[in-house]
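Asker: Before anything else, here's the structure in question.
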Amino acid sequence: MEFSQFKVNALMEITARPDLVFVRGQGSWLEDHAGKRYLDFVQGWAVNTLGHCAPEMKRALAEQADKLMNPSPAFYNLPSIELAQRLTSASCFDRVFFANSGAEANEGAIKLARKWGRVNRNGAYKIITMNHGFHGRTLATMSASGKPGWDTMFAPQVEGFPKAEINDLDSVRALIDAQTVAVMLEPVQGEAGVIPATREFMQGLRKLADEHGILFIVDEVQTGMGRTGSLFAYQQFDVIPDIMTLAKGIGGGIPLAALLAREEVCVFAHGDQGGTYNGNPLCAAVGVAVFDTITAPGFMEAAQARTRQLSEGLLALSAKRGLRGERGMGLLRALVLDRDDAPAIVEAARMLAPEGLLLNAPRGNLLRFMPALNVTEADMARMLEQLDGVIAAVRK
């Protein structure tokens, strides 16, 4: 079937898409309508923790679909209880609210912090966030984000999100006032170019929050569920946040997100928060399968080995091609180029024949890598070899 035969104009235009339609995937590979295969190092923007069509997920979906799909969030269901127990047992948090997307989880975190401020801080409502941060595409989460141009895109913004600079504690301190209720950040700023927070900054934020009696919120939508080398990124900084959000990797490809909080922060009253599909057993059962897979003995050790392979490979490529190095945490990494040709490299990689390569360029001079956590050593080596060839070809 030719691409022109697909009625793509029935879809609303929200982004520039190439002229291909993906029809199947397995592991680290996708196949389009013409039968061409692509090595996928985007994985739905760090969503597909176990790659495409993971057998553990397919099994969980089939088994749960045969039992119960959605009885309504007004009732308990077993998979949501099991997943909540797993998440709280593996973290510093006490309670979980399930949602469908990272934006929804972050919106919930904002609402919870503001409710806590009303109860405990005389109505304090401001949440300090970071320039260049990304928290979602609802009006409130866009306002909380620090992406250039977003302050006017759907103006007026939701008020109450002063912006500090990541890894600059003084910039945060200068913004704290009587109306401040929390500080919120990504442990690694993904859209900004894979910029990790430093240990000193994260610990400084915890100390500042304690000194001023405000909340410390970590947005782990992209960094959570093993992506950065530990189950949750905050665990590598030796800090205890008050609130954490998860999405992307927790569902491994299905719509699932979570808002986690410590007991003393859980101030929602009945009716304050909810959602038609939230915590439905079908998605929660997949979440349990993903959690059990990545916490099984040996899984994270294998992912850490692939992290070393990717980091060392990117460093070698950087030295060979005169680039500016690599950075990141775990299997969320970036190759920093010496010029703004990242979009051209992404395009050329996708056009490779007979098999393409899918990459992401959040900045003109930067490539981002978000493979499945169970990517094989052979596929990692293949990607590095393909990337070297593409860079050479683009720069001839």
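Cβ coordinates come from backbone N, Cα and C, glycine included.
The annotation pyridoxal 5'-phosphate binding site is assigned in Swiss-Prot to GLY102, ALA103, PHE134, ASP219, GLU220, VAL221, GLN222, THR276 on the grounds of sequence analysis. Marked as N(2)-acetyl-L-ornithine binding site by Swiss-Prot on the basis of sequence analysis: ARG137. If you look up Swiss-Prot, you'll see LYS248 marked as N6-(pyridoxal phosphate)lysine.
How buried are these features, and what lies next to them?
Answerer: The Cβ of GLU220 (pyridoxal 5'-phosphate binding site) has 30 neighbouring Cβ atoms from other residues within 10 Å, across all protein chains displayed.
For ARG137 (N(2)-acetyl-L-ornithine binding site), the same-chain residues 6+ apart in sequence whose C-beta sits under 8 angstroms from its C-beta are ALA103.
Other Cβ atoms within 10 Å of the Cβ of LYS248 (N6-(pyridoxal phosphate)lysine), summed over all protein chains shown, number 27.
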Asker: Calculate the distance in Å between the alpha carbons (Cα) of VAL221 (pyridoxal 5'-phosphate binding site) and LYS248 (N6-(pyridoxal phosphate)lysine), and round it to a whole number.
Answerer: 6
Asker: Can you check what DSSP calls ASP219 (pyridoxal 5'-phosphate binding site), collapsed to helix, strand or coil?
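Answerer: Once the DSSP labels are grouped into three classes, ASP219 (pyridoxal 5'-phosphate binding site) ends up as strand.
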Asker: How many Å lie between the Cα of GLU220 (pyridoxal 5'-phosphate binding site) and the Cα of LYS248 (N6-(pyridoxal phosphate)lysine)?
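Answerer: Given the Cα positions, GLU220 (pyridoxal 5'-phosphate binding site) is 9 Å from LYS248 (N6-(pyridoxal phosphate)lysine).
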Asker: Check ARG137 (N(2)-acetyl-L-ornithine binding site) against DSSP and tell me helix, strand or coil, would you?
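Answerer: It is coil.
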Asker: Under 8 Å between C-beta atoms and at least six apart in sequence, can you list the same-chain neighbours of PHE134 (pyridoxal 5'-phosphate binding site), or say none if there are none?
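Answerer: Sequence-distant Cβ neighbours: SER145, GLY146, LYS147, GLU186, GLN189, GLY190, GLU191, ALA192.
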